[in-house]
Amino acid sequence: MGGDTHNSSGLPPFTLTGLPELEASQHWMILLLGLLYTVSIVGNSLILFIIKEEQSLHQSMYYFLSLLSVNVLGVSFSTLSTVLATFCFHIREISFNSCMVQMFFIHFFSFIESGILLVMSFDRYVAICHPLRYATVLTDARVVQMGISAIIRSFCMIFPLPLLLLRLPFCKANVLSHAYCLHSDLIRLPCGDVTISNIFGLVIVICTFGLDSALILLSYVLILRSVLAIASREERLKTLNTCVSHMCAVFIFYVPMVGVSMAARYGRHAPPYVHTLMSLIYVFVPPMLNPVIYSIKTKEILRRLCKILLRRKF
């Protein structure tokens, strides 16, 4: 055992995993992942282009949507290289440093997304509960401040994770459960004491995902209370309809995350491919569905998208 031990200076490589026990179906998985990447990258790029070109969309709500699109593009590009290498070229080995960098960016963008969803819920709260103050509360400068705050918070939370892993010795097979590097996967591999890393990981999850989801829930409780005070049923439905896109974005972000956590904690006897599929859903589904949801539910975006498609057709 002692001869196989590596510390951070030894830079042990890691082995990525495709779909264990389902190798015969991997060619279908390549097509599916290619489709998901294409929809995610093209869809979010179109959202950014439409918001930039459409003057009526130069509002705080759509600025936040632009941040969300940039962020999910970051998630997609963070995993693209190793997913393609694993499923298309069967290159399974990744260096220690590359794995640390990828882990940092995957979690960095995930934490930013949680922060963006929180400020988007605040945007909906102000728009519905305090409409007369909307323009003065959510100025362009404040939107920029909120976006920068989400980025700084995410960086401060995630930066210590690779540093804590660097100080640990590795003496196992270093086989990962996914086609990319996640902290929850890497923390299983060191043969040293991982108590500090585990505690820190739990603390940052509670301080970000836990706190953000609680504040998002609170904002919608306040929104619902305000909406129920509206006399007209038609006006109530119209007001709630402005929140549907954001509620769907929150749903598709947090539900896969909870599913992955539950599978990791309680699904130890499940086949290995179940954990891999759950992780793929968590990483790929939100970036792919976000542009679809906002394109369908936002008339201005849908109208401009139809114009672009018709222009290309004729």
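Here the Cβ of each residue, glycine as well, is placed from N, Cα and C on the backbone.
Here is what TrEMBL records for this protein:
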- 28-51: transmembrane segment (TRANSMEM)
- 43-294: domain 'G-protein coupled receptors family 1 profile' (DOMAIN)
- 63-92: transmembrane segment (TRANSMEM)
- 104-122: transmembrane segment (TRANSMEM)
- 143-166: transmembrane segment (TRANSMEM)
- 199-223: transmembrane segment (TRANSMEM)
- 244-267: transmembrane segment (TRANSMEM)
- 273-294: transmembrane segment (TRANSMEM)
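The stretch with the most CB contacts under 8 Å to the transmembrane segment (199-223), chosen from 63-92, 104-122, 143-166, 273-294, is 104-122.
Packing against the transmembrane segment (273-294) from elsewhere in the chain are residues 17-22, 33, 36-37, 39-40, 43-44, 46-47, 65, 68-69, 72-73, 75-76, 79, 106, 113, 177-180, 182, 245, 248-249, 252-253, 256-257, 259-260, 263-264, 267, 301: each is 6 or more residues past its ends and has a CB under 8 Å from a CB in it. Long-range contacts of the transmembrane segment (104-122) within the same chain, counting only residues at least 6 positions beyond its ends with a Cβ under 8 Å from a Cβ of the stretch, are 61, 64-65, 67-68, 71-72, 74-75, 78-79, 146-147, 149-151, 153-155, 157-159, 161-162, 180-183, 204, 208-209, 212-213, 215-216, 219-220, 246, 249-250, 253, 283, 286.
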